[in-house]
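As structure tokens, the structure follows; a few thoughts come after it.
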Amino acid sequence: MVNARDTLISLPFSAASGPGVEWRITDSYVAYEDALAAMEARAAAIADGTAPELVWLLEHPPLYTSGTSAKASDLIEARFPVFPSGRGGQFTYHGPGQRVVYLMLDLKHRRPDVRAYVANLEELIITTLAAFNVRGERREDRVGVWVKRPDKGDGYEDKIAAIGVRLKRWVSMHGIAINVEPELSHFAGIVPCGIEDSRYGVTSLADLGLPVTMHDVDIALRQAFEQVFGEVHGVADQMAETTN
């Protein structure tokens with residue numbers, strides 16, 4: 001069966017023109033409050049035309065974030081700090097071993113279509129996972145990217161990557177989180193994305209038996225980004241940057 005969102009990625013999502021996309025990788029853990037403030041400031045500058053678009057790859061220390069649809073009952077145990085994020089969605093976990101990708105893209109100059117943007121984020125994840133022979137799939141009734149788990153039983157699937165976005169003046173914020181090798185037990189403090197069905201769990205590349213490094217994922221992400229969203233260039237060729 002063809003997912004309705006599959007049809008949304010058929011049109012180009014690249015920018016018609018502009019100074020290019022900055023590609024930034026931060027090696028140290030970034031406090032959530034600092035990341036949120038930096039995102040807000042950069043998104044405003046992009047909207048004002050004073051800064052290029054930015055794709056920021058990072059890791060957070062262990063924490064939970066709540067989206068605009070989060071229910072208090074889905075916070076089972078606040079094992080780690082909880083932050084309101086302003087993005088769509090419900091509760092999620094971020095922590096070491098998870099590649100968080102914050103995308104600040106000017107959709108006004110790309111394609112001002114929220115549903116198409118989310119579909120392209122899904123495609124970014126699916127293409128990245130394919131580099132490691134992992135078949136990620138989108139689901140019409142569940143946000144994120146999923147992998148089938150026949151080893152767990154008929155109809156079982158695990159989420160391997162989460163998606164949460166916010167738009168302000170048609171500039172995107174937040175983005176995706178791919179589970180490379182996080183501590184999966186940390187997800188037990190919440191009902192991830194409000195999904196209570198026991199057939200649907202959480203997995204990672206390591207959990208699937210793949211010895212993939214964060215650097216491997218970063219290379220695959222950049223290749224996938226250029227395929228889905230267009231070339232990064234200019235200051236984007238700084239493949240690694242450490243910020244404090």
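Glycine residues also receive a Cβ, built from the backbone N, Cα and C atoms like all the rest.
Owing to the predicted nature of the structure, the values given are computational and were not obtained by experimental measurement.
If you look up Swiss-Prot, you'll see CYS193 marked as active site, acyl-thioester intermediate. Per Swiss-Prot, substrate binding site is recorded for ARG87, GLY88, GLY89, GLN90, PHE91, THR92, TYR93, HIS94, ALA162, ILE163, GLY164, GLY175, ILE176, ALA177. Swiss-Prot lists 49-233 with the feature domain 'BPL/LPL catalytic'. Under the heading site 'Lowers pKa of active site Cys', Swiss-Prot lists LYS159.
Annotated features, which come from Swiss-Prot, shown on the structure.
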{"residue": "ARG87", "record": "substrate binding site", "Cβ neighbours (10 Å)": "21"}
{"residue": "GLY89", "record": "substrate binding site", "Cβ neighbours (10 Å)": "23"}
{"residue": "PHE91", "record": "substrate binding site", "Cβ neighbours (10 Å)": "24"}
{"residue": "TYR93", "record": "substrate binding site", "Cβ neighbours (10 Å)": "25"}
{"residue": "LYS159", "record": "site 'Lowers pKa of active site Cys'", "Cβ neighbours (10 Å)": "25"}
{"residue": "ALA162", "record": "substrate binding site", "Cβ neighbours (10 Å)": "24"}
{"residue": "GLY164", "record": "substrate binding site", "Cβ neighbours (10 Å)": "24"}
{"residue": "ILE176", "record": "substrate binding site", "Cβ neighbours (10 Å)": "22"}
Spatial separation of LYS159 (site 'Lowers pKa of active site Cys') from TYR93 (substrate binding site) - C-alpha basis, Å: 12
Largest separation between Cα atoms (Å) of residues that the record links to substrate, namely ARG87, GLY88, GLY89, GLN90, PHE91, THR92, TYR93, HIS94, ALA162, ILE163, GLY164, GLY175, ILE176, ALA177: 16
Stretch-averaged pLDDT - the domain 'BPL/LPL catalytic' (49-233): 93
